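Peer 1: What Swiss-Prot records for this protein is below:
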SIGNAL    1-17  signal peptide
DISULFID  CYS135-CYS178  disulfide bond
ACT_SITE  CYS138  active site
BINDING   GLU163, GLU199  Zn(2+) 2 binding site
DISULFID  CYS169-CYS212  disulfide bond
CARBOHYD  ASN222  N-linked glycosylation site
BINDING   ASP251, HIS254  Zn(2+) 5 binding site
ACT_SITE  HIS277  active site
ACT_SITE  ASN301  active site
Amino acid sequence: MNPSFFLTVLCLGVASAAPKLDPNLDAHWHQWKATHRRLYGMNEEEWRRAVWEKNKKIIDLHNQEYSEGKHGFRMAMNAFGDMTNEEFRQVMNGFQNQKHKKGKLFHEPLLVDVPKSVDWTKKGYVTPVKNQGQCGSCWAFSATGALEGQMFRKTGKLVSLSEQNLVDCSRAQGNQGCNGGLMDNAFQYIKDNGGLDSEESYPYLATDTNSCNYKPECSAANDTGFVDIPQREKALMKAVATVGPISVAIDAGHTSFQFYKSGIYYDPDCSSKDLDHGVLVVGYGFEGTDSNNNKFWIVKNSWGPEWGWNGYVKMAKDQNNHCGIATAASYPTV
């Protein structure tokens with residue numbers, strides 16, 4: 001990655017005062033609480049309800065504008081409904097610069113005519129969508145996703161790999177568990193360690209309070225290093241087409257992303273430099289009949305299958321590196 005970004009997480013803060021609530025939304029609120037198993041103290045419930053109502057209004061207004069053709073994607077209420085955008089960014093995202101070892105540089109194949117669309121989920125390269133929970137471990141999920149794809153390419157077998165192994169054991173390489181990390185640091189740990197355990201043998205706990213429990217006999221993957229991709233969408237496209245799923249970092253801190261549901265995500269406020277979330281590009285394509293318009297990246301997130309488009313997001317492609325999708329792309333070598 002160049003420049004490097006450190007994906008991290010901060011503490012959750014809760015404000016106290018709450019404005020007047022809309023009684024017409026009582027049934028919707030109680031249904032949302034039941035769906036997401038929320039239980040609050042008396043003082044907190046009013047505040048959370050007020051935050052939820054504000055988010056619902058933002059979502060409803062956006063979708064009204066979507067129906068008028070002003071946006072290319074829909075939003076929907078989800079598990080983040082009772083979080084302010086500031087809390088959402090603090091819990092799920094955040095970054096700081098960090099020096100780290102550089103990988104090999106990706107050399108774009110010159111004589112390869114890449115296809116107009118690619119979807120590695122249809123080729124067996126991608127495990128089901130996972131959920132990082134209230135832990136800033138997006139970097140680990142992005143890293144395992146890329147390695148799962150490369151191991152499938154090499155062996156023909158798709159094995160879910162252990163994010164918890166990375167969370168617990170890669171601090172020496174510069175990662176900080178639930179407080180953040182880098183995909184390249186994860187790839188370096190796997191090389192240094194000589195392997196990574198399977199998800200089945202080392203299940204995810206969404207916490208970083210345990211000591212490293214790597215078991216060599218349960219190792220299901222290894223890598224020999226990693227490759228950094230030049231900061232261009234054309235280079236990323238060639239890598240996705242010829243290599244497989246690619247780890248990337250994006251600016252995911254906007255309310256529009258917090259409540260993304262479907263369509264091609266584009267937010268004019270999205271930064272190509274202020275990256276705060278690690279995800280996995282598993283393909284690209286276009287909507288309609290014109291392959292030069294409505295282009296998108298297929299991105300696997302780690303917020304569970306209920307978020308977004310069954311856990312995925314279509315992100316605008318060839319729109320000046322929108323949200324920084326090509327700024328910090330890399331993959332492991334096996």
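Just so you know, glycine gets a Cβ as well, placed from its N, Cα and C.
Buried or exposed, and what's around them? Tell me for each listed feature.
Peer 2: Of all the Cβ atoms in the protein chains shown, 23 others lie within 10 Å of the Cβ of CYS135 (disulfide bond).
Taken residue by residue with DSSP, CYS138 (active site) is part of a helix.
For the recorded site, GLU199 (Zn(2+) 2 binding site), the DSSP three-state label reads coil.
CYS212 (disulfide bond) carries neither a helix nor a strand DSSP state and counts as coil.
In this structure, ASN222 (N-linked glycosylation site) belongs to neither helix nor strand by DSSP; it is coil. Neighbours of ASN222 (N-linked glycosylation site), defined as other CB atoms within 10 A of its CB across all chains, total 15.
Residue density at ASP251 (Zn(2+) 5 binding site): 23 other Cβ atoms are found within 10 A of its Cβ, drawing on all protein chains shown.
A sphere of 10 angstroms centred on the C-beta of HIS277 (active site) encloses 27 other C-beta atoms. DSSP assigns HIS277 (active site) to a strand.
ASN301 (active site) falls outside any helix or strand according to DSSP and counts as coil.
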Peer 1: Inside 10 Å of the Cβ of CYS212 (disulfide bond), count up the other Cβ atoms and send me the figure.
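Peer 2: Taking every protein chain into account, the count is 14.
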Peer 1: Spatially, which candidate from the recorded positions CYS138, GLU199, HIS254, ASN301 is nearest to ASN222 (N-linked glycosylation site), comparing Cα atoms?
Peer 2: GLU199
Peer 1: Looking at the recorded positions CYS138, CYS178, GLU199, ASN301, which has the shortest Cα distance to HIS277 (active site)?
Peer 2: CYS138
Peer 1: For GLU199 (Zn(2+) 2 binding site), which residues in the same chain are close in space, meaning a Cβ under 8 Å from its Cβ, but six or more apart along the sequence?
Peer 2: THR144, VAL159, SER160, LEU161, SER162, GLU163
Peer 1: Between CYS138, CYS169, CYS178, which of the recorded positions has the fewest other CB atoms within 10 angstroms in the structure shown?
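Peer 2: Looking at the recorded positions CYS138, CYS169, CYS178, the Cβ with the fewest others within 10 Å is that of CYS178.
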